[in-house]
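Heads up, the thing below is written out as structure tokens.
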Amino acid sequence: MGFSTSTISFLLVLGLVQFPVSGHDYKQALSKSILFFEAQRSGHLPPNQRVSWRSHSGLNDGKSSGVDLVGGYYDAGDNVKFGLPMAFTVTTMCWSIIEYGGQLESNGELGNAIDAVKWGTDYFIKAHPEPNVLYGEVGDGKSDHYCWQRPEEMTTDRRAYKIDRNNPGSDLAGETAAAMAAASIVFRRSDPSYSAELLRHARELFEFADKYRGKYDSSITVAQKYYGSVSGYNDELLWAAAWLYQATNDKYYLDYLGKNGDSMGGTGWSMREFGWDVKYAGVQTLVAKILMQGKAGEHTAVFERYQEKAEQFMCSMLGKSTKNIQKTPDGLIFRQRWNNMQFVTSASFLAAVYSDYLSSSKKNLRCSQGNISPSQLLGFSKSQVDYILGDNPRGTSYMVGYGHNYPRQVHHRGSSIVSFKVDQKFVTCRGGYATWYSRKASDPNVLTGALVGGPDAYDNFADNRDNYEQTEPTTYNNAPLLGVLARLISGPTGFDQLLPGVSPTPSSVIIRPAPVPKRKPSTPPAASSPSPITISQKMTSSWKNEGKVYYRYSTKLTNRSTKTLKNLKISITKLYGPIWGVTKTGNSYGFPSWMKSLPAGKSMEFVYIHSATPANVLVSKYSLE
């Protein structure tokens, strides 16, 4: 599945971020971290499945409830599909793609990352059969944890649990709305119809979450012990509104953030964590971006309070606040004994994106205990990733399959039991514990890319399968790591993450009219007769951002022949910003994904934004049939 670099974010080389070259292979770590999601798949596995030791599973999920719930992800080392952490996983994967899709594409992983998102969103569409109904769990932790079986042959209860208007779950519906809204951005250019479908579900789910309020674990009580909603649902409602505004530019969602920021805790809570339960730090970071883009409007004062809390979170990571995040003696963020690594990767992601926001606005972070530069903030994110990959007192890589010294006895049913494809002898519910769980040997299947729970507060770690607090991986450990690794691959390169994307520019910063900068016209290639393909460009709008003028150019390509234009290749040079309406292949551009040809006499249009004179646009190859 193709996805153009420029549809995701506008990359500018600023040279503001400096950190030493690491000895770690971030590209390899990125590839492995995405591969892990294929090991967590439930349902009918596709022909291009790369984790070959897995097979189809959960093929009757939802059947007893009269709904198709085949698909989705197992959250961790068990075989339950928990909706809340699954949705958070998808949201943070999408955020990684939205911010750093260009880096993912240049390293050959964007297609795999998008496939990972779609595996989740396809399931969410099934799980939302009616506007006010959402299935939030398949299976239950109690019966599942009683057994140690491969997902391909599990015998545990696969009952489906839902929320509806009489049994609400604003946190679950809100997070799922956020996931689908964020995903609609990811698919906007590569699959517009799918993007529109996701956005429709996101709007309906947000309305459901906001209108029928309640905690989901009061309705799906079997989730309480495993994914209880301690923070309540206000953070998810703000989180969903933030993503819906990103996806739609609908002022309704901007107003929702402005009018409810104080009452729902968005401007009040100073957080020390960001994860599947507590979203406030993520909301505050997203809203700070909106503010820094100049889009807050009448809500500027409220959005500044969101930003203040976002920056307190950043300051606390670097020890520059009055209340700082706890760290191990060797510097790893430490929040809790059980799967602490989830908080490491999520915080590292927020630090990475905020460092780029600061770089693009040419600002430092002002903390109560001193200032922090964008490069220091990104450097902290890098230090956490380097610890994960082996720069720690044990010399252990906490990513399975990366390096030489990584966990070999992972708390994971699928990886710890011989592959169903190798030996189809039935593994009984309790027999799995006796034969495979208690086995003091390396897993027969390497769970490549899995990020396990990690060390304790003193950097200690025991690689034992029964040490679930430290050796169990989860999807939400890996999801934000995608973005951090993609960012670190680029090294000392700054990105302008604040420039407007496809959405309209705020009217407060539009300048009309604006002169197009003059330049010498390029000389077209010699031709004996007029070309049947013509190109015209015009500047359609301009605006100022941080004292710099940006121009939006519209380019029209017209087929003036009497035949159909096919196999189009366009050469574009001196392009310094995002482009929409064409698909990039190698060093050239072609028809957008929704077009295969251009009929005689018809035109196609594409647009781009940058702060320079018009780019050089030439047709380098085509055929007329």
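Residue positions begin at 1 at the first shown residue.
Cβ atoms here come from the backbone N, Cα and C positions, even for glycine.
Look at TrEMBL and you will find HIS411 (among others) tagged as active site.
Taking a C-beta cut-off of under 8 Å and a sequence gap of six or more, ASP463 (active site) has these contacts in its own chain: PRO407, ARG408, GLN409, THR471. According to TrEMBL, the active site annotation covers ASP463 (among others).
For GLU472 (active site), the Cβ neighbour count at a 10 Å cut-off comes to 23, with all displayed protein chains included. As annotated by TrEMBL, active site applies to GLU472 (among others).
Per TrEMBL, compositional bias 'Low complexity' is recorded for 525-535.
What TrEMBL records for 533-613 is domain 'Carbohydrate binding'. Taking H, G and I as helix, E and B as strand and the rest as coil, DSSP gives the domain 'Carbohydrate binding' (533-613) the counts 0 helix, 51 strand, 30 coil.
According to TrEMBL, the region 'Disordered' annotation covers 514-535.
What TrEMBL lists as signal peptide is 1-23.
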> What's the CA to CA span in angstrom from HIS411 (active site) over to GLU472 (active site)?
Replying inline: 5
> Near the Cβ of HIS411 (active site), how many other Cβ atoms are there if near means within 10 Å?
Replying inline: 24
